Each structure stands twice: as C-alpha cells, then as structure tokens.
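A.B. asks: For reference, Swiss-Prot lists these features for the protein:
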- 350: active site, proton donor (ACT_SITE)
- 381: active site (ACT_SITE)
- 503: active site (ACT_SITE)
C-alpha cells in the first residue's frame, strides 16, 4: 500500500487545492462562526484532556476526508493488532506492548510478569524512600543517579522533572546519559558516595554510553571508600539481559527486568521508570499508569472523528504531506514540562523517521517531521519571531496547564495569557492596512515590518492540573499519535535501524584514535583528517 494510491487521496489533493489559500481569520468571522462556534465544533476531549483544533487550517470536510484516510490506511487494524500483542514490529519479529505495562486487566498480555515486576519495584522503592535501604555505612539514600540513554533516560527524566511537586524532598534524582565525561563529572560533584544509589538502565547492558558511565561511577564509589563487596548496596540494574547485569557486578537480587516486547522509547512505564517510582512513590506511579490507561481506552473506543490521538496524527499528516511542513513545534506553557519536547523528539523521529515501508519498498512521500520545542514563555523570546513573520510554515502544539502546581499562583494568569495570546496572534496576523494605521503618516516605510501573515496553524491541548494521571494521559496521547501516523505512512514505528551504522563505525573510529598506527586509506579523506587532528590533540 502506498499513501498516494489510496482511493481518498485524489479527493484530499483536490480539497487541499480548494482551501490552501483560505485564511483562518475568515473562518472565525462572525458570519462563519455561528452556534455551534468553530471552537465548539473543533474541540474534543478524551483521557482527561481537551484539544482545541479550531485554529488549524481545516474544515469539517477536511476532517471527514482525513478520517476516511485513516480508515483506508488501516489505522484501526494496526491499533487493534498492537493492543492484542500481535507482531507489529516485523523487522525485529516483536510485539509492541507498552500498553500492557499499564493495562491492569487479567486478560491483557503478560500481566503476571508485569504485576510481579511492578510489585518488586514497589517493595524496593518503599525501602529506599523509608530509609530501610541504606548505603554501605548505614546512611539513608539521599541521591539516586539514573544512568541510561535514549528511552532509558529521556522518559524518566521528563517525568521526574514534571512531577517534582509531588516527589519526595528527601531524595534528589540525577540523570546521566552522555558519554562526554562532563555529564557524569557534574553529578559526581553533588553526590555523597555513602548516600547514593545508582540505577543502570540498558536493555542489552552493552550500550556504549551507559556502560562507560556505569564503570566510571563504580570506580568512583571504590575510590571514595566503598568496598567492592558493598557495591550491592549502591547499584541496581534494569535490563532485558540479566546475565550481563550480573556479569557487570550487580547482585542478581538487584536486577529488574524489562522485556524485548517494549521499545526503549515506550518503556518508562516498566522498570525503566524505577527512578520515577522512587521519586514519587508507588501509589503515584500507579496514577501515572492509570492516566496512560485512560488514554489507551479512549484511543481504543472513541470514534475516529472524536479520537484525540487519531486527530492529532491526521492533522500532522495534513501539514506534512499536503502543506509541506518540515517541522512542528511543541510549546508547553509549563516549566514542569521542560523536558517534554526532548522526549517527543525521540518518540516521534526515532519512531517515524523512516524511508522504507513495512513491505520493504521505499516511500515516495515525506514521513516524520522534525520535532522541536521549548517551554513558554522562553520560546517567545527566542524563535517566535520566525513563527510569526518568517516564510516557513511551522504547525504548533501549545500545551496549557490551567491550574499551577506551585505556590506562586499570581504568575499563572500571565503564563496562560501568553499562551492563548500567541495562538490568537498566529491565527489572526496583522494586515498591511492595519499596520499602516498603527504607524500613521509619519513612518509609512515601517508598515511592512509590522505586518504578520497570520494563518499559522496551532492546536491547544488543555490540562486541568498537572498530576501523575494527567501526565500519563498526555504521554500516551503522543505515543498513539505516532502509531496513527505510522499506519498512514505504512512504516514500522517500533524499530530504529538508523542508529546502527553510526555505532558500528564509531567502534572503528574509537580504535583508530588510540591505535599505534592508522591506515589513512581506511576512511574517507575528511574522516581521516578529523582522526589525525584528534590523535594529535590526545597525544597519540
């Protein structure tokens, strides 16, 4: 199946040509905005969230055609296959059952394993939080260091930061991912070896960055007085390869299992989220799972026409495959969601940044857009200039939390006002005539610089309050959006072969950086020159 061979495709193309030059401000004009208003017609709810799609460049007819596209592309079948535990990752011969981690239903796949591992996590988290689990000198654990990269870092870091307001104040959580030693060194400056617990997270337990940092941290513990035999009080491992964890030196009792039917970027709901559970406690971790489960149920049961993940995915395809948008922006107006854009970068681009269809043929249409973002209002003082007046179309997801999670409540109306005003300004713009009235006859040459084209599409997601439950729903919303788009593009969102070639060549280059001699013909001339310069700087 190719996207442009679907029966609905010509109708979508014709519809795009029909409305491509229409302006959103005209669709919001009083004559066109009768009851029910455009906002009422294009605002939908699910999983405890609300999404206002009304400031997007689409009509009722657009949505109807896009929903037809979803049906013809088999979105429902792909969704149902994923929930049923079928092999939806054919290149690796695996299921993708991150939803089973929060299913809480006896007939869901792997529920006995999931429940047993979560109970083990809860016992351990309670022991650390209560002080029953101590360091080798008997000190309470005051620092948790999570060492992982990609899905073993981005998800837990994002959630722990987002839920800081409900986390224990007695334990500081640190995250180390980069193989650049500066990342670990900065954490080592802030922690106490007698009161620190390290969580090493790697599906294979062979990941270069993770194991390099883990070995350096182990050496630091020993150098700072921890006997080799007492390291078990300070190290636990999370992996799908328990034998390799034990080989590293972590006690078998301190190994938490993840499974190959959960992809790394979908794994925060598993033992990969142990740092989350220690920070917020098992009960709140269960609430996080419950929120994701709310969105799972909405995704499974809501009609496509009112299904938030489906609509989000289809709107993204509308801009990517018809308007030619090359990127989209995530702008959470919540400092608590500071790391959400980084998390979504991996979730979206590692999942759907593919050129090969499931059947092995190459696509002849764009797939994943570049995902980027920054919390509001910071972004307004950095790149919003380009969004308002630049020639490039960048669709935006605004995320607004309606009640603050902090005591400085007087700040919150200002924050929300900025979020809503930006979406309005991006939609309305300012015409040249309006600009001329502002500058008056004194400086007519300034008027073009004060014009805004408007017609810039935005979706606003509303969260009543940032709780573990609403955060779980928000994360699951984006997970399922990715699946919807993958189904339409007919690609596999659950593998990531694109990261492999660089890893293979990286090992070769690393060996050449320290080898006694290097054959200059081994690499292209650019890479050889880079290696030569680095060898000189390293003293080789």
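From the backbone N, Cα and C atoms, a Cβ is placed for every residue, glycine too.
Situate these features within the shown structure.
C.D. replies: In sequence order, 150, 265, 496, 498, 499 make up the list of same-chain residues 6 or more apart from residue 350 (active site, proton donor) whose Cβ falls under 8 Å from its Cβ.
Around the Cβ of residue 381 (active site), the same chain contributes no residue under 8 angstroms that is 6 or more positions distant in sequence.
Residue 503 (active site) falls within a helix when secondary structure is assigned with DSSP.
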A.B. asks: With an 8 Å cut-off on Cβ-Cβ distance and a minimum sequence separation of at least 6, pull the same-chain contacts of residue 503 (active site), or say none.
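C.D. replies: The list for residue 503 (active site) reads 208, given in order along the sequence.
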